[in-house]
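One structure is given here, and the rest of the page talks about it.
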């Protein structure tokens, strides 16, 4: 892990959402240098499901050598933000670093996102980041350190990151767009950057999204804390960057990233919004090494008589196949289904016209997907998003992830018929 240098001693770091998770980890890292930490978060009373309050975080910060100022702050409330900033100035004399970490998430599509949830994400992620930045900037401009760090992703306009959770993506990208604007607006005065993880990070939010067992596919919050610490030590000229945690730590000379893993050696889930997503996943999966090519139809194994929702799903899939679908996909998929009506099924989108069936395909599969029969039917009917199923561990994938993503297009075509 990245060692502390003491360079943040005496600096005041204002962190939203610092009572737990990534925000608290960044706070503790800076506190080890002897920094002053303003814990700007909502949680003043213990939560039945989420550990930590602003006061327990303050105790941890002071235990490692920092000074803490816990402030009850809902970033949707401008008055609470301004009051916390005033308290920070009164107690510590200034603000040197702002970390916009507070965030709200809902991985739902447009029709499944209630207006109330949309407003929450926009007001916490996009508006809250703006309000906190606006309140701190007059004091940051007086600092020799002067950093704003948004925990937000690089701006990636690939539609795949929009189509299943459009509202969340736009809310997070709002945070990222402030980096573009404010980095230019305050160039030479304040360094403004974004930080995003390469892999899933184990937090309470990830536990709720991913369910039991997801932690083994995650890294610890320490990797984000170390990456943030690296950014804080850079000059004001380091601005307008969208930093990935692993990349900046490699620049710092870190080579062993197993120290950040919850379960060293276990395949890690890539995070959203990264261009290298398919490549990063495929490196952790078993690759068949197959090269797509158009083939004449070959004899396929005769399907074993089946009954139920899985067979009906494959019947509808087969009725929808065409040469155009085959040409656009060029892959053989194998489905290992557990539960009632389970077994091994295949979808051949390489042979002319395409084919489906029960058992092993005649050609080696490019992608192997393992899940329950219930989740399989839900995925093809649009009730379970493949990305969410994969991130939560309900869907296991071996092989070419880029080809796995192509299958989503076919699933979307099936939704109206299932």
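Using N, Cα and C of the backbone, Cβ positions are placed for all residues, glycine too.
From a predicted model like this one, the values you see are computed outputs, not experimental measurements.
Here's what Swiss-Prot has on this protein:
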- 17, 18, 19, 20, 21, 22, 23, 42, 74, 172: NADP(+) binding site (BINDING)
- 42: N6-(2-hydroxyisobutyryl)lysine (MOD_RES)
- 116: N6-acetyllysine (MOD_RES)
- 168: active site, proton acceptor (ACT_SITE)
- 287-310: region 'Disordered' (REGION)
- 306-415: domain 'SCP2' (DOMAIN)
- 318: N6-succinyllysine (MOD_RES)
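Averaged across the domain 'SCP2' (306-415), pLDDT for the predicted model comes to 82. Between the modified residues 42, 116, 318, the minimum number of other C-beta atoms within 10 Å of a residue's C-beta occurs at 116. Spatially, by CA atoms, the recorded positions 21, 74, 318 include one closest to the residue listed as 'N6-(2-hydroxyisobutyryl)lysine', and that is 74.
Residue density at residue 74 (NADP(+) binding site): 17 other Cβ atoms are found within 10 A of its Cβ, drawing on all protein chains shown. Distance between Cα atoms for residue 23 (NADP(+) binding site) and residue 168 (active site, proton acceptor): 19 Å, as a whole number. The residues of the domain 'SCP2' (306-415), classed with DSSP into helix (H, G, I), strand (E, B) and coil, number 47 helix, 30 strand, 33 coil.
With the fewest other Cβ atoms inside 10 Å of its Cβ, the least crowded of the binding-site residues 17, 21, 23 in this structure is 21. Of all the recorded positions in the list 17, 21, 168, the shortest Cα-Cα distance to residue 318 (N6-succinyllysine) is found for 168. Cβ contacts within 10 Å of residue 19 (NADP(+) binding site), excluding its own Cβ and spanning all protein chains shown: 27. Distance from the CA of residue 17 (NADP(+) binding site) to the CA of the residue listed as 'N6-acetyllysine' is 20 Å. The C-beta environment of residue 168 (active site, proton acceptor), restricted to residues of the same chain at least 6 apart in sequence and closer than 8 Å, consists of 105, 106, 107, 108, 121.
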